[in-house]
Amino acid sequence: MSSQKKVSSGNTTPSGLAGLASPLNDQQINLLQQISDLSPQQLAWVSGYFWGLSQSAAPSAVTPIAQAVSAVAAKPAGKLTIIFASQTGNAKGVAEALEQEAKAEGIAVQLFDASDYKGKNLANETHVIIVASTNGEGEAPDNAIELHEFLQSKKAPKLPNLQYGVIGLGDSSYEFFCQTGKDFDSYLAKLGATPFIERVDCDVDYDASAAQWRKQALEKVKDALSAGVEADVVQLPVAQLAAGHALYTKQKPYAATLLTSQKITGRDSGKDVRHVEIDLAGSGITYQPGDALGVWFENSGELANQVLAKVGLSGVESVDVDGESLSIHSALVSKFEITSSNPQQVEKFAQLSGSKKLLKLVEEKDKLREYAGNTQLVDLLAEKQTKLTAEELVGLLRRLTPRLYSIASSQTEVDEEVHLTVGLVEYDVKGEKRFGGASGYLAQRLEEGEQVKVFVENNNNFKLPADDNVPVIMVGPGTGIAPFRSFIQERDNRGAEGKNWLFFGDRTFTQDFLYQVEWQKYLKSGLLTKLDVAFSRDQAEKVYVQQRILENAAQVWQWIQEGAYLYVCGDANRMAKDVHQAFVAVAEQEGKMSRGDAEEFINDLRKAKRYQRDVY
């Protein structure tokens, strides 16, 4: 692992040395001036460091520079260390908000990406907060795999002096809800650390619960972790502390313009996949290949009417949402999730309706999760006709959350645009069509020229290698092809010399070969070194991308030995697992390893960020 580094630091005015009686020579003063732009919190930390040196050394050994720094920042202070384990950026966003709020309270704080934090350093900490999302089936996010494993190992230090807090982010629709947060809580406790606040497990609509927990956590540590700078400490407002962060965020999205939503699957395809282009002109928004675009959407007004009819409401009834009075119809369209359900929602409605079917289902957790994952709200309400008040209906609902789409373009190619590859979620329930919320909005309801609220979600866990000479292997069936379109555009415009190999799969060659003309162009030019496709329904026996990887095992292994980076994007439940096992099989077969050693080899590639996944 590279040397530990901070993600960010505070912004404040430099502290001058004028007026200090200096025992330093000119060279030492010049050196000291290099710390003049540190924030009060950073100066407090430096002060503590030199104070520690002065306590461990004889009085005559105390250096003049330590004396000078102590004059600038009078006393040492404790600090709050925040570590985020994030896959898509949500945990990072919560951690950054916590960092800003801590600074506003005068608390010395430092923020780390989990991949940049050395676990052994926990022994030197006094107060740590871990913000953790969960990936796949209870797995740690890619950036936290090493820390997660370290804390379970025999190398992990005892932590009797550490106080900690954990906030988990997840989706209660899944079995392993907030599992990574639960893991970190358990591991730290077993190592002797003490929680200063109870862990919170936040659901999909986490903003309010996360904000409340952050406030409570800072109240508990504020007295112990004041900044410790007695003179000229300026308390900056949160808005100033956030300087340098993105102009547009989840909370403050940009009103972009839809340029086009074009179907790119064939007329006879069983899928409706759209190439979506959005205009960002004048916004100043930038993004990198591998990032995601957050899209805020509105629900279908027609679907809202169907929901209201199921519970006996007209739509004009008023409800209060964040202090704003809205009609229940408007609230369903713009404020709440109505194209999905979740286990808690099913349980609440079972109790309200008295449905025997649902009450029995609630007792069987696996079946409950499966039902909730495949049932829209309107179909849940149809299980038993039940009259509800507007407030009771709202009490069933989650807040609307934006959807994240892997960006399918590079700004080196498209400038002030962003492209997406959107698969329309579409299915029948008892003869009635059901559509996904965001995909239905982008593919059907939003007209060209209309505005759509968006923001960029950086994904540092899915990035091209910095060295343009490094080969890359990309596996992206279906709409998982999206980020690789951005990768290839980027490498093309950078003049990258590294080899590029794409594995793509879908149902049929004639109807579902997404961006076929572009891939053939890149293949002809030589930018795309190799293209292997798997169309599952073009022959009697289905073929998938993992089989193509195994068929090319010797060459895949050769590329890996040449330093190739591996990228996988798409379905997490089956495809990503099967592709992972294919890579393990390649290492076992071609590397002449045991199965266990092959697993370890592939996992080591992940830790080294040579094997990156964007799966969902």
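Using N, Cα and C of the backbone, Cβ positions are placed for all residues, glycine too.
What Swiss-Prot records for the NADP(+) site is S536, R537, K542, V543, Y544, V545, Q546, and among D506, D512, D571, D578 the residue it adds there is D578.
In this structure, the CA atom of F177 (FMN binding site) is 23 Å away from the CA atom of A438 (FAD binding site). T339 (FAD binding site): 21 other CB atoms within 10 A of its CB, across all protein chains. Closest to G436 (FAD binding site) by Cα-Cα distance, out of the binding-site residues S86, G136, S536, Y544, is G136. Within the domain 'Flavodoxin-like' (80-218), the DSSP-based counts of helix, strand and coil residues read 57 helix, 33 strand, 49 coil.
Each residue in the domain 'FAD-binding FR-type' (251-465) has a pLDDT score, and their mean in this model is 96. Of all Cβ atoms in the shown protein chains, 28 besides its own fall within 10 Å of the Cβ of S133 (FMN binding site).
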